[in-house]
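Straight from TrEMBL, the features:
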- His8, Leu10, Gly35, Glu56, Asp81, Asn101: S-adenosyl-L-methionine binding site (BINDING)
- 15-184: domain 'Ribosomal RNA adenine methylase transferase N-terminal' (DOMAIN)
Amino acid sequence: MNKLLGQHFLTDPTVASQMVALAQLQKGEVVLEVGPGRGVLTARLLATGTRILAVEKDPKLVAFLTQRFAAVKNLKIVAGDILTCLPSVTGSLKNYIVVANIPYYLTARLLRLLLENKNQPRKIVLMVQKEVAQRIVARPPKSSLLSVAVQFFGQPKIEFLVPAKKFRPAPKVDSAVISISPHQVRARGADWQKHFFWLLRGGFAQPRKTLGNNFKALLKKDRIEILKWLNRCGVRPTQRAQELSLSSWVCLAQKLKTKGQGSKI
């Protein structure tokens, strides 16, 4: 086990089978598995006959998997870091789905890469830390930057919980399997997306402060202008970022004409 890579290996094949069932694999679809470890989930995926693309960072595990599945023809093992090789490994895929048991530290960055990727997966099924899963699906008044960001791109759902004893070595916390179905249409373009997330990060910059204060610092506008802008979306200046729904964030971004200190409200 490589502690630097946050490795906790799934040992229960029943859990792996449940994850595969959730994927609802379609004919001709490729599965991208991130961090296959010792291959418990990989074996269940291969049993479906689907083509698997497994990306593993640990050289020792790459060697282990290569030997274990030497006779398998529908598996391609890529030695590399998914955070740097995602565009290249998914660029030519016409239809793919992500099914993975990933290191906890990777969750937020991997989700962002997958959801912002030009070639989005049809569906994402991930094993993550239980607390992180709860944050991802959170709704107002308990929203977070992470929950709004994920829900901007797709619909997340906690499918089932997995106790720590199902891993070796056992982590200190329980896990959860989540599914995310990306929205089919997000046609506003890259500039709109950057604009939205610039505003979102500004709103959550200091979560304990009110939106009136956070936006005043972000936009460099006087209080009256900010009040008028918020009012157009039914938002009060005394509210905090975690209280807003995704639709309110979208409305605020739409009413803000341009990005930066020169933004027109």
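Even glycines carry a Cβ here, placed using N, Cα and C.
Feature annotations (TrEMBL) mapped to structure.
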residue	record	DSSP (3 states)
His8	S-adenosyl-L-methionine binding site	coil
Gly35	S-adenosyl-L-methionine binding site	coil
Glu56	S-adenosyl-L-methionine binding site	strand
Asp81	S-adenosyl-L-methionine binding site	coil
Asn101	S-adenosyl-L-methionine binding site	strand
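Pairwise Cα distances among His8, Leu10, Gly35, Glu56, Asp81, Asn101, which the record gives as the binders of S-adenosyl-L-methionine, peak at 20 Å. Using a 10 Å Cβ-Cβ cutoff, Asn101 (S-adenosyl-L-methionine binding site) registers 26 neighbours. Within 10 Å of the Cβ of His8 (S-adenosyl-L-methionine binding site) there are 20 other Cβ atoms, across all protein chains.
Cβ neighbour counts within 10 Å, taken over all protein chains shown, single out Glu56 as the most crowded of the binding-site residues Glu56, Asp81.
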